[in-house]
Amino acid sequence: EILPHRRRRKNQATEIAEGEQNEQLPLDASNRLTTISSALPANSIQRLLTTYLSLSKPRLSFLIVLTTTAAYSVYPVPALLSVTATTTPSLSTLTLLFLTTGTFLTCASANAFNMLFEPQYDAKMSRTRNRPLVRGLISKRGALLFAIATGIVGTGALYAGVNPTTAFLAAVNIGIYAGIYTPLKRISVVNTWIGAIVGGIPPLMGWTAAAGQCAIGDGGWKELLFGDAAAGGWLLAALLFAWQFPHFNALSWSIRTEYKNAGYRMLCWVNPAMNGRVALRYSILMFPICIGLAYVGTVEQAFVPLSSVANGWVLWRAVQFWRFEGQKGSARALFWASVWHLPLVLVLAMVLKKGLWERVWRAAMGRGEEDE
């Protein structure tokens, strides 16, 4: 029989191992696509397409496209753009198509560059060791050509089908993500703040895409980024910037040991106490940002109390994350709260867009807009 003190140690070790296993988050889409791709015939078109799709980090790219189109939808369109006085004003569907396509392609380019620069470090982490370059499913030359091609085509689509300002923001985002954030991950914890900037730019792209169709001047970058109606776009960008800290800090905590072994300078292991404090601070910051959206007239006043419920949920989880230092399931709880929080708040903003329900009511009642 095992002696009592050794039995206790064994039970404690088992509990710790089970606890760490429960904290692990599911693998991302790139890992799953790579697994599918490796099982396909070597020279098949399906394998090639699946490999390139995994190189683009499709789930992350799709999320970024959603934040971009949400900002495009929330933009307060002047009533003068409506076809008749009783229809809800809308923006160009063709512009939206160019916006979504261009945004996805530029995201794919940035993600491919990111994978291209660090396969030797990705191999040291469970969440990234199954990526296509690590597995050798694609050559570095092939990945480089894919990154360049998607970057050029995506930026070109935004330039031709949306406006130069939106295309410029997309190109800058590729440069920041691939050229600054990626190498900085091995140098300083500041990389998290740089990465948050990358996440905040797409809503600004959606806003400038919509603003370009409503411009009363030359539609230059000054008017689109710093005009009278630009405040809403910057607030949406600030919301995405703040959201990423509770989301990523909780995500990174579950794999903090792997980040350390791979040499990535992340708060989750460099300064665990600060990791929790930062997540908590930016969870609080989302309250005034949402209030600001109503104050500048982007959304209706009802958005404030409704968004506060979603923000309060994340704040509660962030307090637990900070208090328990990621233990007792607090990291996983904060991560999933942040995952659900973002679409809830963005959908609320679209549903409570300023003036939307007033125009719908007038259309339903058969009332036209009043003459000037």
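Numbers run from 1 along the shown chain.
Backbone N, Cα and C define each Cβ position, glycine as well.
Look at TrEMBL and you will find 1-22 tagged as region 'Disordered'.
The compositional bias 'Basic residues' feature in TrEMBL is assigned to 1-11.
Here the transmembrane segment (60-81) has long-range neighbours at 28-29, 89-91, 96, 99-100, 103-104, 107-108, 111, 199, 202-207, 209-211, 213-214, 229, 232-233, 236, 240, 297-299, 342-343, 346-347, 349-350, 353-355, 359, 369, meaning same-chain residues at least 6 beyond its ends whose C-beta is under 8 angstroms from one of its own. Per TrEMBL, the feature transmembrane segment maps to 60-81 (among others).
Nonlocal intrachain contacts for the transmembrane segment (93-117), taken as residues 6+ away from its ends with a CB within less than 8 angstroms of a stretch CB, comprise 55-57, 60-62, 64-65, 68-69, 72, 131-133, 140, 143-144, 146-148, 150-151, 153-158, 160-162, 166-167, 170-171, 173-174, 177-178, 182-183, 198, 202, 205-206, 209, 212-213. What TrEMBL records for 93-117 (among others) is transmembrane segment.
Beyond its flanks by at least six residues, the transmembrane segment (138-160) meets 51-52, 55-56, 98-99, 101-110, 112-113, 115-116, 119, 132, 166-167, 170-171, 174, 178, 205 of its own chain at Cβ-Cβ distances under 8 Å. If you look up TrEMBL, you'll see 138-160 (among others) marked as transmembrane segment.
Annotated transmembrane segment per TrEMBL: 166-184 (among others), in sequence order. Away from its own ends, the transmembrane segment (166-184) comes close to residues 99, 102-103, 106, 109-111, 113-114, 117-118, 147, 151, 154-156, 158-159, 190-191, 194-195, 197-198, 201-202, 204-205, 208-209, 212, 221 of its chain (Cβ-Cβ under 8 Å, at least six residues beyond either end).
According to TrEMBL, the transmembrane segment annotation covers 191-212 (among others). For the transmembrane segment (191-212), same-chain residues at least 6 beyond its ends with a Cβ under 8 Å from one of its own Cβ atoms are 64-65, 67-73, 75, 77, 91, 95-96, 99, 103, 110, 158, 162-163, 165-166, 169-170, 172-173, 176-177, 180-181, 184-185, 219, 223-225, 227, 229-230, 232-234, 236-245, 248-249, 265-267, 278.
As annotated by TrEMBL, transmembrane segment applies to 224-243 (among others).
Through the fold, the transmembrane segment (279-298) approaches residues 74, 76, 231-232, 235-236, 238-239, 242-246, 249-250, 304, 307-308, 311, 314-315, 318-319, 321-322, 334, 345, 349, 353-354 of its own chain, all at least 6 residues removed from its boundaries and within a Cβ separation under 8 Å. Annotation comment: TrEMBL describes 279-298 (among others) as transmembrane segment.
The annotation transmembrane segment is assigned in TrEMBL to 333-352 (among others).
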- Task: Using a Cβ cut-off of under 8 Å, list the residues of the same chain at least 6 residues beyond the transmembrane segment (224-243) that approach it.
- Result: 67, 70-71, 74-76, 163, 165, 196-197, 199-204, 206-208, 211-212, 214-215, 217, 282-283, 285-286, 289-290, 292-293, 296-298, 338, 341-342, 345, 349
